[in-house]
Each structure stands twice: as structure tokens, then as C-alpha cells.
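First the structure, in the form of C-alpha cells, and then the observations on it.
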């Protein structure tokens, strides 16, 4: 196919940290001798005790991943204390509220004071090194304070996205046996309140029935809305932090001590607790933040993600703050009060680096260019995308209309499991191709394998694996190392299997083609089909459900549900709406089904396996190439599904 290439821009060449020659040299060193390469770059963070061992990893057998394993450090020290002398009065966090008239700036000195106070509150209430703290918060500075306060005392945080339901929150509290929750009275999104404290109360009740008792709930006052109160359990954040000292010594943490758990969807029902550890993660998050975004002192950097996702962990909080950057936290949504909001914020705060998701770009593109044109955006120097592959049309619009053809676009590919960006352009080094994540970051060795596991060289399509470790890699699934091995290392022995399909072109550029397992990517957020299916089946009228993705013009993938009802029940629009509501309450708004097709039967093999390939084709309105249906127990169900499909071109 004919692909336009955009050479490195002159402006990027002139002020970049890395040119192509340096990229090629460093990359070669990083894969030929990772010990020496990372031994050097590990020094970018401060260590209380320097490491002598750099890399100790194996993808075979009882998979074990250790980096800098005898070093001692602390994440909050690296994100705050070490900057105070030179950058104490510099703005660490710019907070932009949901309401365009609400904003505030927090300096590194203020960040130190607040994080130390919150760390002392945690200690006062018995939280110790290794304890798990659940953070269920909107995008307010206190969410970042909570994360950093946990790292200061060595507690392990588990941030749960504020859009998740009480049931989803409870499941995550129970899985890591968390006994302390930090939340807020209400969140605000697009002008509407989100009942976080109420959801927390419900979740804590559900957890108690599963023998996990949350001892304390710390509540930040965001709206002043009325909330239920359990006097023995609930604490007001403002009262507690005012009553303690603004100094708290950082805990000396081993590089391999757990840092955080973040739950992500898998192809089987229960979300996995992805465990990241301290040293390697921070080295990798800070290094990728610096070089991928060409971050230089004085830049104003804005990643539009939520701290409930890994992008918020690595590229709103830890990466930028470790680099003494000014990071912008945005509470709102791209289209409130209208579709010009992002660009107004860019002008208001003179943002230089802007990192968002293709789904937001597609939706703003659909709103028209006028919303973009009424802002100047002259401060912008670099644009980035994250969360899913970006289609070339959206890339071109982002580059030409938003960036005025003067900002490189870094299309970054990575995962919750990888801790940081793995495949990406570097602004001063990489010629760009719309839709391609281009080349691997330092130390990352991609490999494409076919369905049988044979390595394919040169220009090829297949499944994307990574053949050696990098410091930001997850270490295990919390409490279930066997699941970690089975999920990521059993499909192709000795290789980390990403679950993504991939194409490599004749220039060695990588193009991510999307998930090859039963995981959906909806608006850049991963969602297991099994999770949605089990939510549907938990409704009393549903006997069976199968969920697949289909192309969606804004979200990338939409959620298409085939639902078989209990004997004697008949599907109608009222039931359709009830099922949509049911899924939202079980998982959260993110899992809202786009299409529900009532199906008397599902295409199954004689052994009872649902043929999802066929369901995908029908959902895509493409049933000319269904392939061999002779293995189905009842081939006639296919005709019925086609006749009643919901997604007609």
C-alpha cells in the first residue's frame, strides 16, 4: 500500500535530545549488551544504596524478572525530594478542573509538604510497608498525592478508575486484600457528579461479605455533596492531614519491592493484578518520558489520561515528576463545555507536549476544524497518541489541523504490563508514517511469529512477541504467578507474547493491528470479552452470551453482544436497555454494549466451543467469507444470525 512518509522536521532536529545516528548507536548497544547499557542509564534515578547487579531475568520455566535487585531507592524521594534544591519553587502539577474556571498550580515544595502529611496520616492509621491501599479517585491532585504518599512509606497502591462500578471496585479490593481506601465525596465529569463515596460504601460492604474488611476510608472533599458516614471507619482528608507533621522520611525500598498493582482485563473473566516494582519501573518510566517526548527543562507537558490507567501512572505522575517536569492533570472531558476544550487548555497553560488517545482525536475530528482553529496552539511542539493504533486519517488530521504541520506525532505502543512505551518514534530521530508506531525503544527486541510459533523475518504479518526483558516489565500477576506464566509466556515458549497482532514493513517499521486474543480495545481501554459475557449472563433472563468487537468510527472497537435468553423469554428493546444498564452497573460505563443481538442459538463446534470468528464476521457485516462452517453442530444458526444482525452497512 502507498504510505506517505514524513521526514524528521527541521525544528525537531535542531533542538532534539537524540538524532537518528544516536538512536541507532544506543539501540545497538542496548540489545548487544543490556547489562552495560542499563547499568549506565539506571543511574538516572538516585539510589540510597547503589546496585551492583543490573539484569537477572529469564522467560523460561518459572519466569523471573529482576532489575537492579540489590539497589535501595524510593520513588517519592526521586519524584520530589531530589528536586527541591534546584526546583523547589517550580510548578510540579498544574490542575485544570472540569469547570474551565477552576485551576491551581502546585510547586515541588508544596508537593513535598502535602505528600509527607498524607504519608504520616497513613502511618498513623497503621498502614505499613507492603500493605495494599486502594485509591478510587477522580482526576484531582489528591490522587497523585495518594500514590506518592504510598510510595513514600512503601505501601503498595492499587488505583481503581473512578468510572468503575462498586462491584468492580470490590473485586479489586478483595483480590489484593486492601484494608485502607482513599476516595472522595464526589467526582465531577462533564458537569455531572460521580458518586464515588457512595460507590465506595457499597464496595466495602461487598468486600466484607467476602471476608476482606476495610478498616479505614479516607475521604477528600471535592464537591461538598452529602455523603453517608461511618464514624468508626471514615476519615476526612482535610482534618487528618492538618493534624500531622509535614515531614516524613522516605522508606528505603529494594528495587524489587512491589510499587503498585493495577488491574487489567484478560481474555478470561477475572481482571489480573499487574504488579510493578520500584527501581526498574521508575528508571524506565522516566527514561521513556524524557526521550519519547523529547522533554526538556521548562516544557509544560500534558497527558490527558486518567490516573486509573497505566498511562496516568507512568506519564502523568511517575515519569514526569521523576524528571522534575511540570505535568498537567485534567479533571474534565474533551467535549465539555464544548469540543474546543483541549485546545483552550493548551493555550491557557502554554502546553508544549500533548499526549492523548486516538478515540479522543477521532471524536474531535468529527466535531469539525472550527473548534481547533479558534485557538492558537502556538505553544505546541510535540503531539503523541496512546491506547490503541491510530488510523491514518485521524493521524493526518492531528498532524495537519491540530499541529499545523510543525509538531512531530509520536504514536506510542505499550501496555499495562510493559510499564512504559516499547515501540515509538523519537521526534528528532524517526521519519514518521501515519498509523505506524515505527521502531522499538532502547532494550526492546520485538519479534513477529506466525500461528505455529515460527519466527518470521523481514516484511511480515503475525503475532508480536518481545524476546528479552526491559526494566519496566511487570514482574507477576499479584498472588498468581502461574497465571502470569500461562498468560504471557506459554503461547510461545521463552518469549513474552503481547496478545497483539503486528505487521513489519520493508523499512522495519512496526504497525500494530490490534488484539489477537479475546480482549477488546474500546476507546483505548482494554476490556475482556469474558468480563462482559459474565456480566450479561448474571442477568436472570440470559442463558448464554458471546461478545465480540466490531469497527467503530469513534471508539476504534465497539462492543457487540449476542445474547441467548432463557426458554420462553422474548427479546425486545426494553430488555435490550435493561441489559445495557445491567452491564454498566456490573462493570462501569466503559463496558456499555453498543449492539445487542438476541440469538436463539450461537455457532458452536461439536465440542461446544463458540466459533467467535464467525460472530466477528457477522458483527462486522462481512459474511461473504465465513470460511468453513461444516464443523458447526448446527450450521443453520448462522443464517439466523445474519438475518437478524444489528450492524447493517
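Glycine is treated like the rest: Cβ placed from N, Cα and C.
Among 370, 431, 500, the residue that Swiss-Prot places alongside 387, 388, 389, 411, 412, 413, 414, 415, 416, 515, 526 at the ATP binding site is 500.
Residue pair residue 189 (CoA binding site) / residue 414 (ATP binding site) shows a Cα separation of 27 Å. Of all Cβ atoms in the shown protein chains, 22 besides its own fall within 10 Å of the Cβ of residue 389 (ATP binding site). Comparing C-alpha positions, residue 584 (CoA binding site) sits nearest to 537 among the binding-site residues 389, 537, 542. Neighbours of the Mg(2+) site: apart from 537, 539, 542, residues of the same chain with C-beta atoms within 8 angstroms of the site's C-beta centroid are 535, 536, 538, 540, 541, 543, 545, 563, 579, 582. For the binding-site residues 190, 191, 387, the greatest number of Cβ atoms within 10 Å around a candidate Cβ is found at 387. All protein chains included, residue 335 (CoA binding site) registers 16 other Cβ atoms within 10 Å of its own Cβ. Cα spacing between residue 335 (CoA binding site) and residue 387 (ATP binding site): 19 Å, rounded to the nearest whole number. Considering only the residues assigned to CoA binding, 189, 190, 191, 192, 311, 335, 523, 584, the longest pairwise Cα distance works out to 24 Å.
Note: the CA-CA distance between residue 539 (Mg(2+) binding site) and residue 191 (CoA binding site) rounds to 31 Å.
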